[in-house]
Amino acid sequence: MKKILVLHGPNLNLLGSREPSIYGHASLTEINGDLIQEADNAGIRLSCFQSNAEAELIQAVHQAGIDKINYIIINPAAFTHTSIALRDALSAVAIPFIEVHLSNIFSRETFRHHSYFSDIAVGVISGLGTKGYLLALQAIIKELK
C-alpha cells in the first residue's frame, strides 16, 4: 500500500481559532480527517503529524525515510522562511513533496515571500485555504496510481 505523510508546522494546531480571516475556520482535526478519508477512498494510507518544534518535524522526516513513505505534503508554516535544517532533512530522505500554505504567502508581509522549500518541492500550493491540502493530495493520488 502506498503511504503519504502530511506534516504541519508551528501554530497550525490553532487552526479554526487562529486568525480565521487569514487561515479559515476549519480545525486541524477537520483538515486531517478530510485528507484521511480521501486517501482511504483511493486505497492509500495517510498519516498526519503536527509540531511546533523544528526538531520533531525533522525527526518525522527522517522516520518517513525509514518507513518508506512515498510522498509528503508539508505546510512548514513559519519554518518556511527560516528552516534550512528542515529543508536539508527533506533533501536527505529524497521523498517527493508538495508544499502547501493556507494563505497566499506572496500577498502578505515581505519576510513571508521567501521559502526555503519551494525550489526543491514537486509543487507549491499557496492561498487556496484548506482546499490546497486536498488539491495536493489529489495530485499525489494521480501520480501514485
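Note that Cβ sites are derived from N, Cα and C of the backbone, with glycine treated the same way.
So that you can see what the record holds, here are the features copied from Swiss-Prot:
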ACT_SITE  Tyr23  active site, proton acceptor
ACT_SITE  His101  active site, proton donor
BINDING   Asn75, His81, Asp88, Leu102, Ser103, Arg112  substrate binding site
SITE      Arg18  site 'Transition state stabilizer'
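In the three-state DSSP classification, Asp88 (substrate binding site) falls within a helix. Of all the Cβ atoms in the protein chains shown, 16 others lie within 10 Å of the Cβ of His81 (substrate binding site). Within its own chain, Arg18 (site 'Transition state stabilizer') has Asn11 as residues 6 or more apart in sequence whose C-beta sits under 8 angstroms from its own.
According to DSSP, Arg18 (site 'Transition state stabilizer') is assigned to coil rather than to any helix or strand. In sequence order, Asn75 are the binding-site residues from Asn75, His81, Asp88 with a C-alpha within 10 Å of the C-alpha of His101 (active site, proton donor). Each of the binding-site residues Asn75, Ser103 was assessed for Cβ neighbours inside 10 Å, and the highest tally belongs to Asn75.
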